[in-house]
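Residues annotated as ATP binding site in TrEMBL: E37, N41, D83, M88, N96, 103-104, 125-130, T177, R347. According to TrEMBL, the domain 'Histidine kinase/HSP90-like ATPase' annotation covers 30-187. If you look up TrEMBL, you'll see 1-347 marked as region 'A'. According to TrEMBL, the region 'C' annotation covers 564-634.
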Amino acid sequence: MSTTAHEETLGFQTEVKQLLHLMIHSLYSNREIFLRELISNAADACDKLRYAALDNDALYEGDSELRIEITHDEKAGTVTVRDNGIGMSRDEVIHNLGTIARSGTAEFLKQLSGEQQKDARLIGQFGVGFYSSFIVADEVTVRTRKAGTDKAEGVEWRSRGEGEFTVADIENERHGTEIVLHLKPDAKEFADDFRLKGLVRKYSDHIEVPVRMPRIEAAKDDDGNEIEGSEVTTWETVNEATALWSRPKGEISDDEYKAFYKHVAHDFSDPLTWSHNKVEGKLEYTSLLFVPGRAPFDLYERDGSRGVKLYVQRVFIMDDAEQFLPLYLRFIKGVLDTRELSLNVSRELLQQDPKVEKIKSALTKRALDMLKKLAKDKESYQTFWNTFGTVLKEGPAEDYANREKIAGLLRFSSTHTDSATQDQSLADYVERMKEGQAKIYYIVADSFNAAKSSPHLEIFRKKGIEVLLLSDRIDEWLMSHLTDFDGKTLLDVAKGDLDLGEIEGEEEKKAQEETAKAKEALVKRVKEALGDEVQEVKVTHRLIDSPACVVLPEHEMGFQMRRIMEAAGQKVPEVKPILELNPEHALVDRLESAEGERFADLARILLDQAIIAEGGHLDDPAAYVKRLNALLIA
Ligand code: ADP
Ligand code: MG
């Protein structure tokens with residue numbers, strides 16, 4: 001590190017170096033996005049100054065007409081983006097343009113593989129930001145000064161994007177930030193008026209701050225004749241320059257919505273859908289909500305960025321205002337503009353304002369309605385579900401009031417298709433319910449295959465009754481909050497007594513009772529042999545091909561949840577399973593005719609097998625193998 005009085009050279013944070021390297025290589029085919037990123041930052045800087053100046057007009061330094069100016073120099077091969085926004089102090093420059101502050105960055109970078117296509121997709125998910133300058137520039141100079149500071153507090157930042165950057169103090173008449181890109185030899189095409197204008201319109205039409213470009217013309221005398229050798233510059237606003245959400249819906253094209261989404265969400269790809277609403281009356285607000293097409297890398301991070309961009313009467317207040325949407329909708333991006341809040345609202349104040357709760361509940365409805373609409377397009381909805389389904393599954397627990405609505409949006413695997421793709425809704429299920437079927441049946445297991453081949457499904461398969469196959473980690477927790485849908489109870493087929501209700505005829509029930517009676521003695525012997533390994537032994541009618549299965553009492557925590565909690569190091573109250581025997585099975589016949597130690601071994605093997613089939617772990621697997629082998633030899 002070399003330090004002079006005012007100039008120092010610093011190394012980029014490791015993550016930045018990795019990102020720079022990757023970006024330059026994998027985003028090569030999409031390099032024009034650098035302009036979108038720089039304009040997006042400049043617009044944010046203007047928004048921030050406007051907000052700060054609410055309390056202190058002097059910050060404008062007499063220049064309150066916020067704007068972004070783009071110039072180029074074809075000969076020198078440079079493009080310059082300048083704003084008169086908030087600017088940066090020296091410390092901020094070092095921090096903002098030398099590190100990546102977001103949590104989870106290191107984890108994110110680990111996933112990158114060096115495969116261009118895959119990495120380009122991942123980087124898009126991350127948001128490329130300022131560093132995208134280096135896709136087109138081999139040197140970048142940033143000159144900036146924080147609004148309201150002395151002109152001697154200007155800062156110049158320079159870098160070739162190769163691992164280090166230099167910061168120096170400079171004198172700067174203007175507050176705000178100027179970024180000069182020294183274009184790479186093969187990127188000189190961007191130093192072109194026509195090209196730049198096209199890009200501004202393509203990417204930044206929706207930005208409220210005017211983006212201006214100079215038009216240089218020959219000066220004219222009073223008679224309108226051109227004056228030789230004399231030029232005047234007029235500034236022309238190139239973008240639409242009205243806040244997109246404040247324009248009437250009918251006048252906004254899909255492409256404009258998509259471009260706006262990329263700015264708001266710092267995303268790279270198109271959203272799946274959006275919902276734009278202007279509400280007047282008791283509660284006045286405009287919201288523009290988007291469903292992203294892919295998950296941000298920090299979706300499951302506790303402090304991942306979430307929430308909407310908050311404006312109060314078109315004045316930007318804050319990013320990531322998370323108070324307006326529930327956690328289970330944290331993937332939704334967008335803008336909320338309202339007159340219900342005061343301009344000097346802070347995060348702390350948001351937590352106390354009862355209006356916030358009202359807007360939250362309105363936006364939640366909007367978001368759920370938007371998803372319901374999206375669900376009509378099966379393909380898009382599947383993309384949504386595969387990306388965000390497990391997040392939405394947090395809904396019924398978090399938002400009791402909307403639980404029926406959320407339930408309608410859930411998608412499951414089911415024995416109807418036996419496919420791992422979760423694409424069946426509860427409404428689909430209800431439509432297919434058998435005559436006399438009053439309940440919605442489901443099973444929860446550790447994996448899709450374990451669910452699909454669970455012995456508990458045998459009777460259902462035989463009778464052609466559909467069972468939902470659940471295997472996401474969150475599923476048991478979800479189902480503990482989702483007790484009914486459309487007036488029908490949801491029932492875990494591996495818990496409690498199996499009640500098929502009217503699907504079974506009187507005769508069938510009678511036959512079951514008789515069998516149970518006939519096997520009373522066997523049941524007693526098995527219970528004695530297994531002792532307190534089991535809570536109870538019963539004869540079952542849920543099995544067809546398997547000799548035995550284990551069941552938990554109806555209100556006990558299920559096997560999946562137990563294993564998750566145990567894995568997380570939590571103590572789970574011990575519970576003994578109920579062993580159910582299939583009276584029609586040959587192995588059970590064998591058991592019945594066995595005596596003494598052989599009887600005890602067989603009973604134990606049936607129990608252990610049932611536990612294994614459930615995805616459970618045996619306390620003493622070696623003993624099981626030994627017992628089984630002894631029987632195989634005999
Ligand atoms: P992001 O915009 O997602 O925060 P960027 O890489 O685009 O990430 O920018 C990093 C940070 O640098 C910004 O958050 C901001 O603090 C600062 N910054 C970038 N450009 C400007 C600018 N024109 N004016 C003021 N600050 C800026
Ligand atoms: Mg940015």
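Every residue gets a Cβ built from N, Cα and C, even glycine.
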What is the Cβ neighbour count of R347 (ATP binding site) at a 10 Å cut-off, with all protein chains included? 13
Using DSSP, how many residues of the region 'C' (564-634) fall into helix, strand and coil, respectively? 43 helix, 4 strand, 24 coil
D83 (ATP binding site) in three-state DSSP notation: strand
Check the region 'C' (564-634) for me and report the mean pLDDT. 90
For V128 (ATP binding site), the number of other Cβ atoms found within 10 Å of its own Cβ: 21
Determine the most Cβ-crowded residue among the binding-site residues E37, D83, using a 10 Å radius around each Cβ and all protein chains in the structure. D83
Ordered by sequence, the long-range same-chain Cβ contacts of N96 (ATP binding site) under 8 Å (at least 6 apart) are M88, F130
